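**Q** Quick paste of what TrEMBL says about this protein:
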BINDING   A:Thr97, A:Ser98, A:Phe126, A:Pro127, A:Thr128, A:Asp129, A:Asp195, A:His198, A:Tyr220, A:Trp250, A:Thr276  pyridoxal 5'-phosphate binding site
MOD_RES   A:Lys221  N6-(pyridoxal phosphate)lysine
Number of protein chains: 2
Amino acid sequence: MSEFAFKARELDSGDELAPKRAEFVLDEVVYLDGNSLGALPVSVPGRVEDVVRRQWGELRIRSWEESGWWTAPERIGDRIAPLVGAEAGQIVVGDSTSVNVFKALVGAVRLAGEGRDEILVDATTFPTDGYIAESAARLTGRTLRPVTPAEVPSALSDRTAAVLLNHVDYRTGRLHDLPGLTSAVHAAGALAVWDLCHSAGALPVGLDEHGVDLAVGCTYKYLNGGPGSPAYLYVRRDLQDRFDSPLPGWNSHAEPFGMRTEYAPAPGALRGRVGTPDILSMLALEAALDVWDGVSIEAVRTKSLALTDFFLECVAEYVPQDRVESLTPAAHEHRGSQVALRCDDAGEVMKRLIDQNVVGDFRHPDILRFGFTPLYVSFTDVERAARVLGEVVAA
Amino acid sequence: MSEFAFKARELDSGDELAPKRAEFVLDEVVYLDGNSLGALPVSVPGRVEDVVRRQWGELRIRSWEESGWWTAPERIGDRIAPLVGAEAGQIVVGDSTSVNVFKALVGAVRLAGEGRDEILVDATTFPTDGYIAESAARLTGRTLRPVTPAEVPSALSDRTAAVLLNHVDYRTGRLHDLPGLTSAVHAAGALAVWDLCHSAGALPVGLDEHGVDLAVGCTYKYLNGGPGSPAYLYVRRDLQDRFDSPLPGWNSHAEPFGMRTEYAPAPGALRGRVGTPDILSMLALEAALDVWDGVSIEAVRTKSLALTDFFLECVAEYVPQDRVESLTPAAHEHRGSQVALRCDDAGEVMKRLIDQNVVGDFRHPDILRFGFTPLYVSFTDVERAARVLGEVVAA
């Protein structure tokens, strides 16, 4: 056994989260793509079967009340809340991340008021945020200005209505300074909207603590909700009464079954709902969240950093230096829960890695992306992934 | 056996769709609420289990290609297309009905061009359409004018950009004149947007034949897709190149995995996609659509009218005339697939009906609503429902 394989075993034996691995369906694959689609929690299939066969098949329409379907968006929002540092009553689940970005950004612009005519958007963001931000700007008559997160402080002005930022860069894995940037945005009198897709479930977010105004995130990455599981919207409690959604569907009405012609928004987080929630996907997510019982997000962060540290060590040991270059910041305070390696033939290398049962993903044009989900990735996985990577690039 | 029970048996024995009933999970309940939530098709539970356990649990991220997840929105759209009279390539599935109303109506206003500043909306519509139309008007700087469908022809002018109408009124069950109203809208140079929630799967729609511009619909009523299953958007082929979605998420990009900063819309119906599709709900819907194999929508319509005719006959026989009054048009050309009965104590009556295993729904303030899904409701069901209604109101 190599020195690193031995060290991996030691690290696994000291890992307080190691028992969580048994709560997921895993096999011989080293699965480092949980930042794209989280693995299946063991609790999900049985729950989904019950939802389909009994709740839908037998109770049918009665399940809207009796099986708690109607209140699922806010109930599941409250399950996600502690994972992102939010008190209950501020998150609703539903719709895709893109749709929630639209709600959040138009809502933020309206909260900022008429005098502010510019939206700043993270120029390095996952593309959908930029496209939707452009649409939000066009529909609200604002100007959209793409800037890097580092440029945000100097770009802010009394023209700024809202700033849309990613907590963790989806390509490089860089963790942006949510507390500092949010403060800077507030100092300029603007609203901060954060996209948590690549941070929620992997590290502490502290939405309430840092006074974030609005936030969105998906649930199929580190929250393991399943393919395309519904996203969520956070609206800080003291903004909820003034939150003016551009998608005021009947589910967000104060009296949804009153069937009123006039729209009157519900109080609280419910105002972020739109149409009928997609119950199958939503209740699969609810079951998936059971894996967080008894888990502290601080412990997750500690393990996440240990995993990425160890992966970088193993890569330095196993992979020739001229073949890959890490784009992920070395400093812990700037690192998410993934490692991105630049590699000239990344597409081909990732194919061979997958053939060897090491699954990460390839991001155009030259990035090998490896996500580390602390609830189920072991240090033994990490050592094996780096070792196989070394073999593949040497071949 | 009463005369009507005998007649029910005769009608059932002559019903060519009767064998379809075995493709649904049904029990001793007379289920007349399929216009709210369709019954569970027998094919769904096994398919969902495969999606969860094998496609997600074992193949994980590979399923986006190998299990056809990525192309599900347009593939399932093409399954729905013949049911609403559309050629393939014009429908995508995804998001809620409310979100699709927003895409369709903003898209329609943009297609109409700058000179037209008014949107007409069906004043009798399901509320969410009105709320979303108001938001669409506000965000595009248009005026919203609620009118009844009958008032549409006289309300149209060269100011009209778009008209949002319901094909079947969700309360009364009145079927509106889609061909005639669409023609009138076109004659005024405006675009017609139809909401098919209460008609798709129950009667012929003829989207292509009648030149409808855009349409939306849910899939959990007569299409039996499951609770909150994804809705769909139809954009007529010759409008697709100019369709300009207000929700241009990455899934609608011409090159979604190119991760480009600049948005470039995909050609065709794909342009109506937004974010990552919710696969569990979507593939449950796909399985549910198997029940349509070999079914002609004309046969469905014939049975639907026979069911509602027979229900009205039985009600006339079993229920004292002073207790209920039908709000559903007697003329076939104005009737959808439901019967709405006005009844002073409708809330209480519906509770007792449900206690007696006859499930319809109550619509505030005084409506008993019964939906007739031709694929699984029998004439024997109809006779029993009317008979129990008669007993309940007499008690």
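Each residue, glycine too, has its Cβ placed from N, Cα and C.
In TrEMBL, annotation is done automatically, which means it is predicted and not curated.
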**Q** If you run the three-state DSSP split on A:Thr128 (pyridoxal 5'-phosphate binding site), which class comes out?
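**A** Once the DSSP labels are grouped into three classes, A:Thr128 (pyridoxal 5'-phosphate binding site) ends up as helix.
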**Q** I'd like to know which recorded positions lie near chain B: of A:Thr97, A:Asp195, A:Tyr220, A:Lys221, which have a CB under 8 A from one of its CB atoms?
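**A** So the ones by chain B are A:Thr97, A:Tyr220.
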**Q** Where's the emptiest Cβ shell within 10 Å among the binding-site residues A:Thr97, A:Thr128, A:Thr276?
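**A** Lowest Cβ count within 10 Å among the binding-site residues (A:Thr97, A:Thr128, A:Thr276) is A:Thr276.
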**Q** Which one of these binding-site residues, A:Phe126, A:Tyr220, has the sparsest Cβ neighbourhood, judged by other Cβ atoms within 10 angstroms?
**A** A:Phe126
**Q** DSSP secondary structure for A:Thr276 (pyridoxal 5'-phosphate binding site), reduced to helix/strand/coil, please.
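**A** The residue in question, A:Thr276 (pyridoxal 5'-phosphate binding site), is coil (DSSP, three-state).
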**Q** According to DSSP, does A:Thr97 (pyridoxal 5'-phosphate binding site) fall in a helix, a strand, or coil?
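**A** DSSP call for A:Thr97 (pyridoxal 5'-phosphate binding site): helix.
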**Q** For A:Asp195 (pyridoxal 5'-phosphate binding site), what is the tally of other C-beta atoms lying within 10 angstroms of its C-beta?
**A** 27
**Q** Over all shown protein chains, what is the count of other CB atoms within 10 A of the CB belonging to A:Lys221 (N6-(pyridoxal phosphate)lysine)?
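**A** A count of 27.
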**Q** Measuring Cα to Cα, how many Å separate A:Thr97 (pyridoxal 5'-phosphate binding site) from A:Lys221 (N6-(pyridoxal phosphate)lysine)?
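**A** The separation of the Cα atoms works out to 12 Å.
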**Q** Determine the C-alpha span of the pyridoxal 5'-phosphate site listed in the record, that is the greatest distance between any two of A:Thr97, A:Ser98, A:Phe126, A:Pro127, A:Thr128, A:Asp129, A:Asp195, A:His198, A:Tyr220, A:Trp250, A:Thr276, in Å to the nearest whole number.
**A** 31
